[in-house]
Each structure stands twice: as structure tokens, then as C-alpha cells.
């Protein structure tokens, strides 16, 4: 089978930020022709599908500047240097919601936009939740409203586009499928 790989000829970092770095790469395509690739480097992130013992999903409502709107999401955040995804998942759950989890299960990991970015999101299911005695502080630039919703209401939030991001829609549909499969047993 013919190779589909591109060979990097030159690489230039054109931006280094708090969250992302941006590179422009000159590449040789599989057919021998030259092209340029703009690549966003990201440390990765986690997302937490937190479900109470009563079956409610813990979600957060927050304004997202790139979208210029407020959306509803599952708790999520960026991996800090040297952090394991499990640690980040618990940290973000605690910071954003005031809950912690005794049981944390990795559901999946996926690349958000592999055509131009290397960001990977690790998605976890958090169960056996309890409220922290002392809530951890949010980042100074973070403002969220915590919500508890049923799966049915979460699906309505997806339909109404209040849930507008892939990680949250994925997590809600995962839970819907999980519950449907359990009901068949």
C-alpha cells in the first residue's frame, strides 16, 4: 500500500501562548509536491461526565468568548504540564462544580480537530459523587454556573443548541446509550 505520510521539510513556531502554540510547517506530500500546514499544538484536556446517585448530570453554564455566547457543558479543563488526565479530571470537577468523585472511569479520548490541531480530550465518567466541604477556587478568569439536569433535559439542551460542543454532546449520548443497553439486560 502506498504511503499517505507527509514529510516535514521545515517548521517555524509563529506564536506561543498560554493555551496554544502555532506552527507553520513546509511539508512534502506523498506525491512529492510541496505544501504548507498550519498546526495548533495544545497540551490536551479532560472532560468529566459527572452523574449523581440520583442519575442527574452535573453541568456548567459559561460564556465562551470564541463563540460569543453562553453554553452549557460538562466540566472540563486543560492538562497542566506533568499532570495525568485522571488527576486533571478530578481537579476540574472539584474546581468547577464543588463535587468530588470516588469512582472515575475513562470513557474515551479523541482528537478535536485533527486537520489542524493535536488537542486530545480525555473523557471520564465520574460517579459516587459527594459535595466538597470546602469548594476549590475557580481560575481567576473563570465564571460558571453549576446545573444538575436529568438525561432527558440534557438531550433537550443538545437539541436546543445550549449544549454546543462536541465533548458534551458525545458524553450525553454515551450516557443515553449506556442506559439503553442496561435497560435491555
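Note: Cβ is positioned from N, Cα and C throughout, glycine not excepted.
Binding of Mg(2+) 3 is annotated in Swiss-Prot for 92, 96; the matching candidate from 137, 140, 142 at the same site is 142.
Which of 33-54, 55-76, 77-98 counts as motif 'Nudix box' depends on Swiss-Prot, and there it is 77-98. Spatial neighbours are here defined as Cα atoms within 10 angstroms of one another, and by that definition the neighbours of residue 92 (Mg(2+) 3 binding site) among the recorded positions 14, 37, 76, 114, 119, 140 are 76. For residue 140 (active site, proton acceptor), other Cβ atoms within 10 Å of its Cβ number 6.
Note on the binding-site residues 92, 96, 119, 142: the fewest other CB atoms within 10 A surround the CB of 142. For the domain 'Nudix hydrolase' (40-171), the number of residues in each DSSP class (helix H, G, I; strand E, B; coil) is 28 helix, 56 strand, 48 coil.
Other than the site residues 92, 96, 142, same-chain residues with C-beta atoms no more than 8 angstroms from the centre of those residues' C-beta atoms, the Mg(2+) 3 site, are 60, 75, 76, 77, 95, 97, 138, 139, 144.
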